[in-house]
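Everything below concerns the one structure shown next.
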Amino acid sequence: MTNDPYALATDAATALKGAVGVGSFDVALVMGSGWVPAADAIGETIAEIPVTDLPGFAPPAVAGHAGRIRAVRTESGKNALIFLGRTHLYEGHGVNPVVHGVRTAIRAGAGTVVLTNAAGGLRPETQEVGEAVLISDHINLTGANPITGATFVDLTDVYTPRLRDLVREVEPSMAEGVYVAFRGPTYETPAEVRMCRILGGDMVGMSTALEAVAAREGGADVLGVSLVTNPGAGLVGEPLNHEEVLAVGRATATRMGVLLSKVVNKL
Ligand code: 8IG
């Protein structure tokens, strides 16, 4: 086996296509915390495998992160790959396992990558818990980057404007916001939350930004959606716990599933 992350993704894509019996995929969706139950609305399941059946994936670490890959056929006849759970930078396996799903999906043909997450809301004045926000841009404060070497990828339109327009055709009232990515696994201090607001952030989380960068490097279009599950630390009320995140996900799963399904069918 190879140490080259791109070759590893090519190997994983070959193994994936063989394991699920699908020759090529059109779109990949990464379901973050709280989004996994929404996956059932995307299409008919063709096959589902644990990520650990493929080379390059880290074993799942967090409760509620299933660590499985589902191949589905959408109503519009597209082949979709759904990642039920993701690897986070805070797990300590380095940056390559974090973006391996996205790279594998692109090698398996996916030209569109949909990244979902649960996030803290930095604008409780206007955001509600359980609200989905379109990611318009990000601020990467993870200190990491999936790209090594002098590859100067343009990040002007990381989150493809055409895909954001398409979501607003489905859901005209949906807000847009800037996602601030931290390494975690701690939530922010109240001072860091205030900093993020001053910097122009609207949501804060521990995922998505690195995967979006890897997807753009790979030439895929990116759609990002955050499910706001708590106000950022110190803005209002109590700190959150992971169980509450999953509960918000369960409560909003049908709505989020319908949204994603409509968007995928319009691709
Ligand atoms: I859900 O408030 C969720 N994930 N960094 N901060 C960070 N990640 C999160 C938060 C939050 N809420």
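From the backbone N, Cα and C atoms, a Cβ is placed for every residue, glycine too.
Residues or ranges marked as domain 'Nucleoside phosphorylase' in TrEMBL: 27-264. Averaged across the domain 'Nucleoside phosphorylase' (27-264), pLDDT in this predicted model comes to 93.
The annotation phosphate binding site is assigned in TrEMBL to Ser33, His65, Arg86, Thr87, His88, Ala118, Ser207. All protein chains included, Ser207 (phosphate binding site) registers 28 other Cβ atoms within 10 Å of its own Cβ.
Positions annotated as purine D-ribonucleoside binding site by TrEMBL: Glu188, Asn230. Secondary structure at Asn230 (purine D-ribonucleoside binding site), taken from DSSP and collapsed to helix, strand or coil, is strand.
Taking a Cβ cut-off of under 6 Å from any atom of ligand 1, the binding-site residues Arg86, Thr87, Ala118, Asn230 reduce to Ala118, Asn230.
Take the Cα of Asn230 (purine D-ribonucleoside binding site) and measure to each of the binding-site residues Ser33, Arg86, Ala118, Ser207: the nearest one is Ala118. Of all the binding-site residues given, namely Ser33, Thr87, Asn230, the one with the smallest number of surrounding CB atoms inside 10 A is Asn230. In this structure, the CA atom of Ser207 (phosphate binding site) is 14 Å away from the CA atom of Glu188 (purine D-ribonucleoside binding site). Each of the binding-site residues Arg86, His88 was ranked by the number of other C-beta atoms within 10 Å, and first place falls to Arg86.
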